[in-house]
Amino acid sequence: VIPKTQKGVIFETSGGPLMYKDIPVPVPADDEILVNVKFSGVCHTDLHAWKGDWPLDTKLPLVGGHEGAGVVVAKGKNVDTFEIGDYAGIKWINKACYTCEFCQVAAEPNCPNATMSGYTHDGSFQQYATANAVQAAHIPKNCDLAEIAPILCAGITVYKALKTAAILAGQWVAVTGAGGGLGTLAVQYAKAMGYRVLAIDTGADKEKMCKDLGAEVFIDFAKTKDLVKDVQEATKGGPHAVINVSVSEFAVNQSIEYVRTLGTVVLVGLPAGAVCKSPIFQQVARSIQIKGSYVGNRADSQEAIEFFSRGLVKSPIIIIGLSELEKVYKLMEEGKIAGRYVLDTSK
Ligand code: 8ID
Ligand code: ZN
């Protein structure tokens, strides 16, 4: 039986109190499933959403969260692609229009009419959440629901960013923010896709984690005297691509300097108010590409999940109760999280 009320974390104003309390269980619309969320990853995007520091309004009050993994317990009358009992994933893109020019080419994340879980649609920081059945991820039954949670945003996003970099097996990719939630997965997807990985972040914990997960080189941005020189030396001329998942404008602008001639800088991390500045002469003469990459579409999502279900990437997670979300935000703000925190909605 589906209860009428449940535990969730909700806030009423940007940056306002994060209230862990009893809230109503939502009722799925005709095209939605109701997911009994067992675990939800905490993405840095959730922290941006709570703080309200992006130039895009959230709904208020809001239940955040967009890395929810759980079980389908109810569905609307038009849903024929999920059965009760299936494993389902709540992703950042909740719903797209499928008629605009971007949806026509399957660029669903770029749909101007899209709704986002944990931003404009209540997300996975609750025990029961609704999700549009077309966008919800299908999770194979061999997957651990706690471990797959971070794949639903972080995994999909970095996998798509690596595809966007369009480099070849054997070439170098640098990852800024490599020790964080997206970064630790980027290191592994890159390795699984055949690239050589140079990881950039700070601290002994993150260094060990990155190296254990497959990074050939780790550069501590807080310790190096000349990061650009170190990166170029280690890669004999600069990485062929850079995946920027740090929450740092400085890191992005440095990456434009050290990327290899003809290389590609991919922007993924979204530091508030940041500007990417490229010296035009160098960018032209070295023919560097700078590209944005935003989560992934349904195909990217299923492919990213397949890497996980095949055991090619592991989730470096720490599990904590849903009631402790605020503590996770604090650690995240301080840059103290190696890997990803995942919330157990039963605690
Ligand atoms: O689709 C997208 N584009 C997308 C999807 C999901 C998340 C974008 N994001 C964005 C988030 O909103 C956030 O801005 O990606 C960013 C990273 O999310 P995350 O991985 O969830 O954040 P984290 O776990 O806090 O990791 C950030 C890491 O960056 C490092 C920190 O030490 C931390 O490990 N870092 C920082 I801050 N400054 C750095 C620097 N100068 C740095 N690493 C290298 N150099
Ligand atoms: Zn996210």
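By the numbers in Swiss-Prot, the shown part of chain A spans 5-351.
Backbone N, Cα and C define each Cβ position, glycine as well.
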Per Swiss-Prot, C47, H70 bind Zn(2+) 1; matching candidate in C115, C147, C157:
C157
Are any of the binding-site residues H70, C101, C104, C107, C115, R344 near ligand 1, with a Cβ under 6 Å from it, and if so which?
none
C-alpha spacing of G183 (NAD(+) binding site) relative to C104 (Zn(2+) 2 binding site), in angstrom:
37
If you count, for each of the binding-site residues G181, G183, G185, G187, G273, the other Cβ atoms lying within 10 Å of its Cβ, which residue has the minimum?
G273
Among the binding-site residues G183, G185, G187, K210, G273, R344, report those whose Cα falls within 10 Å of that of C47 (Zn(2+) 1 binding site); none is a fine answer.
G185, R344
Minimum Cβ neighbour count within 10 Å among the binding-site residues C47, C107, C157: which residue?
C107
Taking just the CA atoms, what is the gap between C157 (Zn(2+) 1 binding site) and C101 (Zn(2+) 2 binding site) in Å?
20
Between the binding-site residues H70, C101, C115, which lies closest to G181 (NAD(+) binding site), Cα to Cα?
H70
